[in-house]
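Summarising the annotation, Swiss-Prot assigns N-acetylmethionine to MET1. If you look up Swiss-Prot, you'll see SER11, SER39, SER56, SER100 marked as phosphoserine. Annotated N6-succinyllysine per Swiss-Prot: LYS31, LYS36, LYS57, LYS78, LYS90, LYS121 (among others), in sequence order, evidence recorded as similarity to another entry. Residues or ranges marked as phosphothreonine in Swiss-Prot: THR51.
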Amino acid sequence: MNFSGKYQVQSQENFEAFMKAVGLPDELIQKGKDIKGTSEIVQNGKHFKLTITTGSKVVQNEFTLGEECEMETLTGEKVKTVVQLEGDNKLVTTFKGIKSVTELNGDIITSTMTLGDIVFKRISKRI
């Protein structure tokens, strides 16, 4: 399955609790909670380029499935991780105690990030 496309956030659950748990300042949490950000994914075989735009903040990450890479997190921190493909429609990675699963079903991408007992879920639709 090819993940390439541009997606806009439709809904999210537990944004504030998750962002507080990862150390984002309250001011940025309040600014970001109502923004319907976009994600653009360009997939070329096992190589992915991901651009996430939330208001004026843009985060770009590139990775190749199964290879260690450096990624920028939501808080701006750089972490080393490995992204794996599960089945043909799930991208899975773990960093700093956070498990991130991005699942594509048709035109809907569901991103789930779990830290301890806090589960942040974001649903985006292809635009």
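Here the Cβ of each residue, glycine as well, is placed from N, Cα and C on the backbone.
Structural mapping of features recorded in Swiss-Prot.
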residue: MET1; record: N-acetylmethionine; DSSP class: coil
residue: SER11; record: phosphoserine; DSSP class: strand
residue: LYS31; record: N6-succinyllysine; DSSP class: helix
residue: LYS36; record: N6-succinyllysine; DSSP class: coil
residue: THR51; record: phosphothreonine; DSSP class: strand
residue: LYS57; record: N6-succinyllysine; DSSP class: strand
residue: LYS78; record: N6-succinyllysine; DSSP class: strand
residue: LYS90; record: N6-succinyllysine; DSSP class: strand
residue: SER100; record: phosphoserine; DSSP class: strand
residue: LYS121; record: N6-succinyllysine; DSSP class: strand
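Summarising the environment of LYS78 (N6-succinyllysine), the number of other Cβ atoms within 10 Å of its Cβ, over all protein chains shown, is 9.
Cα proximity to SER39 (phosphoserine) (within 10 Å) is found for the following modified residues from SER11, THR51, SER56, LYS57, LYS121: THR51. Inclusion criterion for the modified residues MET1, SER11, THR51, LYS57, LYS90: a C-alpha placed within 10 angstroms of the C-alpha of LYS36 (N6-succinyllysine); this criterion is met by SER11. If you compare Cα positions, SER11 (phosphoserine) sits closest to LYS121 out of the modified residues LYS31, SER56, LYS57, SER100, LYS121. Among the modified residues THR51, SER56, LYS57, LYS121, none has a Cα sitting within 10 Å of the Cα of MET1 (N-acetylmethionine). Spacing of THR51 (phosphothreonine) relative to LYS31 (N6-succinyllysine) is 20 Å (Cα to Cα, whole number). Here SER56 (phosphoserine) is compared against the modified residues LYS31, LYS78, LYS90, SER100, LYS121, and the shortest C-alpha distance is to LYS31.
The Cβ neighbour count for LYS36 (N6-succinyllysine), using a 10 Å radius and every protein chain shown, is 12.
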